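Look at TrEMBL and you will find 41-491 tagged as domain 'Biotin carboxylation'. Marked as ATP binding site by TrEMBL: Lys157, Glu241, His276. Sequence annotations record features per position, and here TrEMBL assigns domain 'ATP-grasp' to 161-358. The feature active site is assigned by TrEMBL to Arg333. TrEMBL lists 568-835 with the feature domain 'Pyruvate carboxyltransferase'. As annotated by TrEMBL, Mn(2+) binding site applies to Asp577, His774, His776. Sequence annotations record features per position, and here TrEMBL assigns substrate binding site to Arg649, Thr911. If you look up TrEMBL, you'll see 1112-1181 marked as domain 'Lipoyl-binding'.
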Amino acid sequence: ELCYAGVTRGMRSALGLLAVRRACCLSRTTHNSPQTLEYKPIKKVMVANRGEIAIRVFRACTELGIRTVAVYSEQDTGQMHRQKADEAYLIGKGLPPVAAYLDIPDIIKVAKENDVDAIHPGYGFLSERSDFAQACVDAGVRFIGPSPDVVRMMGDKVEARSIAIRAGVPVVPGTDGPITCLSEAQEFSNTYGFPIIFKAAYGGGGRGMRVVKEYEELEENYQRAYSEALAAFGNGALFVEKFIERPRHIEVQILGDKYGNVIHLYERDCSIQRRHQKVVEIAPAVQLDPHLRDRLTADSVNLARQVGYENAGTVEFLVDKHGRHYFIEVNSRLQVEHTVTEQVTDVDLVHAQLRVCEGRSLPELGLKQDKIRINGFAIQCRVTTEDPARGFQPDTGRLEVFRSGEGMGIRLDSASAFQGAVISPHYDSLLVKVIASGKDLPAAAAKMNRALAEFRVRGVKTNIPFLQNVLSNDQFLYGTVDTQFIDENQELFNLKPVQNRAQKLLHYLGHVMVNGPTTPIPVKAKPSSIDPVIPPVPLGEPPVGFRDVLLREGPEGFAKAVRAHKGLLLMDTTFRDAHQSLLATRVRTHDLKQIAPFVAHNFNNLFSVENWGGATFDVAMRFLCECPWKRLQELRALLPNVPFQMLLRGANAVGYTNYPDNAVFKFCEVAKENGMDIFRVFDSLNYLPNLMLGMEAAGTAGGVVEASISYTGDGGSEPNPLMWFISTTYMFYLYCAIYTFFLLDMAGLLKPESSRMLIGALRDRFPDMPIHVHTHDTAGAGVAAMLACAEAGADIVDVAVDSMAGMTSQPSMGAIVACTKGTNLSTGISLENVYDYSEYWEVARGLYAPFDCTATMKSGNADVYENEIPGGQYTNLHFQAHSMGLGHKFKEVKKSYTEANKLLGDLIKVTPSSKIVGDLAQFMVQNSLTRAEVEERADELSFPLSVVEFLQGHIGIPHGGFPEPFRSKVLKNMPRVEGRPGASLPAMDFQALEKQLRETHGNDITPEDVMSAAMYPKVFQEFKEFTHQFGPVDCLNTRLFLDGPKIAEEFEVELERGKTLHIKALALGDLNKAGQREVFFELNGALRSVLVKDTVAMKEMHFHPKALKDVRGQVGAPMPGKVVEVKVKQGQAVEKGQPLCVLSAMKMETVVNSPLSGTVVKIYVNADSSLEGDDLILEITE
C-alpha cells in the first residue's frame, strides 16, 4: 500500500507539472478561440430519449428559440414527451421497447429526414455510446456532448481508470482492463481479497453492478452482472475493483467548452442508494471538509483537461471514512441529478450544453470559475412507481389520480405523470423528480417533505412514504450518510399507509353503480330517497345518567341504585335487537350516530341502551363492511351518560362456535376497555358450564354481569319451569358475581299470567337483586306481558322506540311510557321526546326497505306459540329463505322449523341453537324432506355444517341430552366433544395471531382487530380485503351505500371533521373487452374515473352446467351459495359420505358429501365460485 501510494504521489507530481503547462497552452488558445472556431447556431434539436429528460431538454430549447423533435417507440405513443416537442416521429418499429431507443440507424435516419442540426442523448440508452456520437458526426449532425473519442474513453471504465492514474487522481485497486471470464475475477479476488465489486465497462446507473462479499457468491454474481450489462448496454464486459466499505458517494459536476476551458460547479452527495441506484441527491455535500472539496474539484478539472473534455459531465468519487477519495468513473453526459447543481449555482446546465455545442466559450456565457458560487442547499427525490414494502418492486397500471406538490422552493421535472397515464413495465419507473431548495439542509428537507405530502398518486404504488421517512431521519438531517444508510436504517421501511380514501370510495360507488349492492338484498325494494331529520339537540354536556352512577360506585353500587329506583326502568333495544328483529341486523353505524346525541340529552334516565354484541358483531363486518369496535367507540363518545349493554353468548362470546377460555376472557376485557358496561350473558341451551364461563369472563373484565336464563314457554323443556328458574338463579347468586338477573324471552312466549307468576316468585326469593325482562312482540302480547312483569316486581323491561317496535321486535316504548304515566311505575320519560325519537326512526327505516320484514310480513302472528321461532331469527330466517329462493315457501319453512326442532330434541332456541334449527328447516324445505325422511336417510344426507357440529357437541349439551338414534346416524364415526367444549381447546396465542395479521395486513393492526380475527377469522380477512379495496364506506349515507348515486346526482361525503368530499356522478361507460366499465365522477371539481369489472356481464357470458338428477355420479349444489373449499382433487378416490366441498349461503355453511364411492373424474368449481341450486360441482364414477 505504501509503494502504491508513493507511486501515485510521484506520478501525480510529475503529471501535475504537465497539467500546468497544458493549462497555460490552453489558456492562450482560449484567448484567441472566438476568431479560430466558427459559431454555428442550432435551429432544431432532437432528443434521442424519452420521458423526463426529453421534456427537460425540450423546455431549454424552447427558451432559446430552438425547434424540438421527439422520437418514440410503439409502446410510448401515449407518453408526454411526444406531445411536448414541436415534432415527433416513431422509431424502432417492430422492435422491443428498449431496443427501439437503441436503434442508431433509425434515429439518424429520422434526424436527417427532418433537418435536425443536433441530437441530445439525455441519459441512459445511447448517451454514453461512442458509436452513436460518431454516427451523429458522420451524418453531419452535431452530438450535444463530448467528442466521440472522449465518450469512448470515459465510457470504457478501464481506460478511464488509466487516464485518472495518468492525471494523478487516486483510484481504487482494480483490473487494468475488462475481464473476459470468471477465472480472471477469481484471480483478482485471490490477490486483493473480498469484498469486490463488478461494474459494467460500458454503462452506469447501477446496472451490471454487483458486490461480492465471499467466494461462494462469486460465480452467481458474475453471471448476473454480465447479463445485466449485456441487456442494458449491449455489451456484457465487466471490470473488477476492490470494494470500499461504507463510503460516501461524491460526484463533481464539470463543464468544458471547445477551447479547453473547464470549470466545476461543485459537488453533489449521492450516498443514499439502493442496490447502487441513487434515491436522494444533495448539493452541496453536507459536512464535507473544505480541503477535501478542493482536492475533489481540482482532480475533476485536471482529469477533464487531460482528455480535452467538452460539454457537461460528472466525475464520481468514493470517499472513505478517513477522508481519502478514490476516482470511480466519469459520466460523459448529463446526470439525472443535475438539477440540484442548477438550483445551488443558478447555472442552467442544458442551456450551457446547447450553447457550447453551438461554439460558444464558457467565458462568453459568463461561466468563469471565480463567478461560480454555492447558494444554500438543494435535495432531489426521485419519485418512482416502486413499492418499498416489496423490495421496491416496480408497479404498473393506470394513474387514476395525479396531483403534485408545488410552492416556494419546489421544482418538478416530470415525465408522463398525469391522470389517465399508463405506467408501462417496459421502462424506468421514474414518475417525477422533485427538487427542493432552502438556506440549509433541514430547510430544504422541510420543503421537500411538505411537497411530497401534497402529492396524490392513485392507481399505482410509489416510493413517497419511503422518501418521507428518509427526509425525517435525524442522521440524514444533521449528520452524514454513507452508501449503507438505507441498509442500516430498516426503520425507513416502517411505511405510513397511504389512505387513498376518496379514490377508494369512488371505486366502491362505481362498483355499486355497475354491479348493484355489495350486501345481499333479499327483496326487490329500493332504499327511500328521503333522509331522516335529526331532532334538535341542545349545546353542552348531556345530563347525568345511570352510567355516571356506575362509574362512580362500581357494579355493586350500580345494582343497588337500580333496585332502589322508584318507577320502572327501560332498556332501549332500538340500537340493536330491534333492528336485528325487523331489518335483518342491517342498520349502519352512520344512522345510529346521527340520533345518539338526542338520546343522550333526552333519555338519560334509561337503564341502558342495548347496542352491541350478538349478531351485530359479525354482520357489521360481513354485510355492512364496517368495524364493530369502531361502532362501539363512536357511540360511546356520543352517548357518554347512558350505560351500554351487549349480548354475550356465554362461552360462545359473540360467535356461533366455541372458543378457548382465554379468548372469551380477552374479548370481554377489550369490550370493557372500549366502553361496554353491562354484559348480558346467556347460553343458547341454558347449558350452565358455558353460562358460568361467560359470567366469570365479564366479571373479571369489570363489567356489570347480568345472568340470563332463556325462557322456553309455559311448559318448556323443563319438567317444572318455575322451580328450575328459581334454583338456577340461586346457583348463580351463590357461585357467580352477578348483579342483575335477566329473563330472556327470545321468542315472545311470555304471557301476562306467566309473567306474574314467574317474576313474582323470583322477586320473593331474591328481594335485593334487580330483575330485567326481555321479550319480543311477535304475537302482539308484549306490552301486556311487560306491564305484568313490572307489576310483579321487575325493575327493568326492554322496549324499542315505537316506529321500530312491535311484531318480531320489542314492545313499544311509547305504549309502556304512556301506560305507566301517573302510576308508581312511571318511567319519567317524556312522551314528546319519544315521538321525536320515533319520527327519526320511522324515516330512517325507509332507508332499509330491502331488508324490512314488512315487505312480506304485515302483522304479528300467534303461531309463534307453536313454532317458538325467536323474534331476532324470525326476520333473518325470512330473508334467508328469500335469498335461497324459498320466499314463497316461508309458511312451509315455519312448519319445518317445528319439525326440525323436534328432530333435534326440542331445543331452547336462542342464537346459535335457533340458527341450527333454522338451517335444518330450510335444508328440509329446499330438498322437500319430511321429518320421517330425514330420520330414515340421516346416514346419507349432506346436512348443514351447523347441524353436524351441534350433534358433535360443539356448543354444549342440550337439556335432556342429544336425540338418538338420529345423532349416531348423522355422525357415524365422526369425533364428539364431551363436556364443556371450550374446556378442551388449547389457549389462543394472541401474540402469534397479531404477528400473523401484521404480516398480512400491515402494522396498523389494533387489539380490537386481533379480537375480530379471533372471533371470525375468515370474515375479518374478507373485511380487511374489502376496506383495502374500497376504503371507509361507513362515511357514506345509507342510500349511497346500498344503491349508489344516480347519474348527475351531487352529494357530499364527510371523511372526517373538516374534510368533506363534493362528488357528482357523471356517466357510466360501455363494456370494454376486459369486461370493465369506466365510471366517471367529478370530485371536488376535478374529473375522476374508475374502471369497474362488470360481474353481471361476466356471469352472463358464463354458463355453468347443471347436475342431472338421474345421473348418480353428478353432484350438484344443494342450495345457491359460494364455494368455500374444495376438499378433493381430480382423480382422487372417495368413499360414500366423504366430504367433497363446503358451500356457504348467507351465514349457513353446508358440507356436500359424496353420494357414492368412486373416483372424481372432473371438478367444475373452485374456491369462491358462485353457484345456483343444482349447479354441477363434480362428477364421480363408480
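Glycine too: its Cβ is placed from the backbone N, Cα and C atoms.
Excluding Lys157, Glu241, His276 themselves, the residues of that chain whose CB lies within 8 A of the CB mean position for the ATP site are, in sequence, Ile197, Phe198, Lys199, Ala200, Met209, Phe239, Ile328, Glu329.
In the structure shown, across all protein chains, His776 is the one of the binding-site residues Lys157, His774, His776 with the greatest number of other Cβ atoms within 10 Å. Within the set of binding-site residues Arg649, His774, Thr911, the entry lying nearest in space to Lys157 (ATP binding site) is Arg649 (CA atoms). When the recorded positions His276, Arg333, Thr911 are compared by Cα distance to His776 (Mn(2+) binding site), the shortest distance belongs to Thr911.
Rounded to a whole number, the C-alpha distance linking the residue listed as 'active site' with His276 (ATP binding site) is 19 angstrom.
Here the domain 'Biotin carboxylation' (41-491) returns a mean pLDDT of 92 for the predicted model.
The record assigns Lys157, Glu241, His276 to the ATP site; their largest pairwise CA distance measures 16 Å.
Rounded to the nearest whole angstrom, the C-alpha distance between Asp577 (Mn(2+) binding site) and Glu241 (ATP binding site) is 75. The residues of the domain 'Lipoyl-binding' (1112-1181), classed with DSSP into helix (H, G, I), strand (E, B) and coil, number 0 helix, 39 strand, 31 coil. For the binding-site residues listed here (Glu241, Asp577), the lowest count of other CB atoms within 10 A around the CB belongs to Glu241. Calculated from their C-alpha atoms, the gap between Arg649 (substrate binding site) and His774 (Mn(2+) binding site) amounts to 15 Å.
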